[in-house]
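Here is the structure we will look at.
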Amino acid sequence: MAQVSDDKPPLKHKELVFILAIAGRIDAQARLLAKELDKDQYVYYTYAVIDSLSSSYTMFKYFFDVFISTNNTDLMHEVLCSPVGMLTVALESLFLVSYSFFAFKYDSEKEDNFKKFIATSWPYFRDVMKGLKNAYKGWRAAVVAYSLISGLDTKYLIVPVGLVLGVLSAANRFWIRGMLEARKQMMISNAALLTEIKKLSSLTHEEHEEYLKRIQYQSLDTRRGALLSAAAGGLIDGLYLYVGVLSLATLAPPTLTIMATICVFYTISTIITRLYEEYDFQLKLLITHSKCKLALTSKELETCYANLLGLKSQEHKSRKDLLEIARLERELKGLMNQFEEQRKILSEQLNRGYYSSFLLGLKNGLYAYGALASLMFFVGSAIALAGIAFPPALLIACVSLGLIIIAGFLAEAIISDHWNSKNPPPQKEEHLYQNILVLKDELEHGLDSTLPSKEEFKKAINDGLDIKPAHQYFYQEWFEVFRSLFSGFGKGQKFVSFAGNSFQEMDDQGHYHDTFIMNCLAVVSGLFFGAVLALRALARGLGRQQLGQVSLVSESESPSPPPPKEQTNKQPTTSPAPKPKPTKSTFSNPHADTLFRVKSAKGPVDKTLPFHRSTSVPALHQGDSSEEEDDIILGLN
């Protein structure tokens, strides 16, 4: 028995390694597929068509509910079968499909103003449609739930208040879209400016000031307004996303009260995460500021040091040279202090603490529950085809499961952050940047030191510029893929019911229903819509590089680990006589026995911040992060 017990752990360990290897392989293949899809762009063209077809149905139903009759499917069938109704739907669908398709086709147009207008105006037009629809549906779900719980008939408030909220939501989305597009252009400009700065061979103080004026900023008032708009959008979309699921099944008032309370928690959490996403997106723009400033300081620092080294290398120095050396040393100390301060600011911006990890875990949990909610809507649509009511127990289980999912991601985020802070990644044995700090300390105390060469000084500066960001996780991108998959299933089924409305049959009670052939077409359409939406989410989430991602140090300049030692069993080869070994600089050996050696704890040290987690993006990730529910999050994609 003891021998059997000893054999089990290695077997389990091998199984775990095998499972992790398979998961890693799947993830790698998915990323390759995402890049191919993003490069080919066929999935984007297909999405432009089917998304506009879906919008033609949802917007027709929105205007029908608001201005004609709410949830009267039989009357809507008669309207759609009338000549005026068919002509209206045909023109609406043709307009939306053409608008969406050519907007994507002309996305990169730079010269033709009409084509540029089509490409730039479509996202705003789409946001207005989504804002009107989502606000109305969210408000309607909230009013219906309140009426069932309180026993008061407040349904008369659905249309007027829902219409006003829809207009406000559309205006809010319109403003957010413009603000985020402007922010993305600022990030692109700052990234281009950083690339230009990296190519400079020298930089004076006057040129430094001129470059600082070219950095693109977003005003403080705009940033505050963006936070308020994000909170308002989170409230409206939270009602639509999480309160709307209560309409799937009929619940007893006590149970409905509990479920509504949980949905209110989801809505509040949505507001909080939208604020966090907006703050995080603002931080990404600030990171481009910090990178440009740090790069400028490094270039001026290298120029100042080269001038100082040139004067000090002269054998005969005049009084003017000595005064210039003293001035350059003061300037060098100031630039070193400025470089260290800016470096710490950038390092803090690139990393996260426990509070940010908590918000990130909450956001990941909501995205996971959003995928589950889309699955519930799909199941509801599927069983409706079979004429079966949605089981209340399934609704209760799914809504309650969302709490467990959020709690799990909160725990995972905090535990991972704590683990990374206690177990930072292995550091390089030799930190050349430490010698910059030592040189600064010696200059401040008036100590003589052996100045390194310009090349060694530049290597040390590049070592200081090589700031590692926190590890990125891609939960949001993968949950968006599954959410889009289930959402596409439902959209495909609804499109068949809308397009084939004239083929519906009347039952004994006088109500119209889809035929068997329509149900079969709905299955095919759902699979097609789901596949396209999922592949599109995969391409946008994992196939695109994040906006404004320019490294401070190029790969050729970044510090690299020393080459591996040669094996001792190799045959000796004849080599030329070794050249005289030059005097070692303290930059190549921080422990050399000179004034440049690394000092004890009393001297300055380079404290590496804990290894925190960070968001992915991206694409307010933020980017059109979901096709229907939360498109106001435009992100970095």
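Along the chain as shown, residues are numbered 1 onward.
Glycine is no exception: its Cβ is also placed from the backbone N, Cα and C atoms.
Values in this document were obtained by computation on a predicted structure and should not be read as measured data.
According to TrEMBL, the protein has these features:
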COILED    311-349  coiled coil
COMPBIAS  625-637  compositional bias 'Acidic residues'
REGION    550-637  region 'Disordered'
TRANSMEM  84-104  transmembrane segment
TRANSMEM  156-176  transmembrane segment
TRANSMEM  226-249  transmembrane segment
TRANSMEM  255-276  transmembrane segment
TRANSMEM  366-388  transmembrane segment
TRANSMEM  394-415  transmembrane segment
TRANSMEM  516-539  transmembrane segment
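Between the transmembrane segment (156-176) and the stretches 84-104, 226-249, 366-388, 394-415, 516-539, Cβ pairs under 8 Å are most numerous for 226-249. Proximity of the transmembrane segment (255-276) to the transmembrane segment (84-104) is not established, fewer than 3 Cβ-Cβ distances being under 8 Å for residue pairs spaced 6 or more apart. Between the transmembrane segment (394-415) and the transmembrane segment (226-249) there are 3 or more Cβ pairs closer than 8 Å, counting only residues 6 or more apart in sequence, so the two stretches are in contact.
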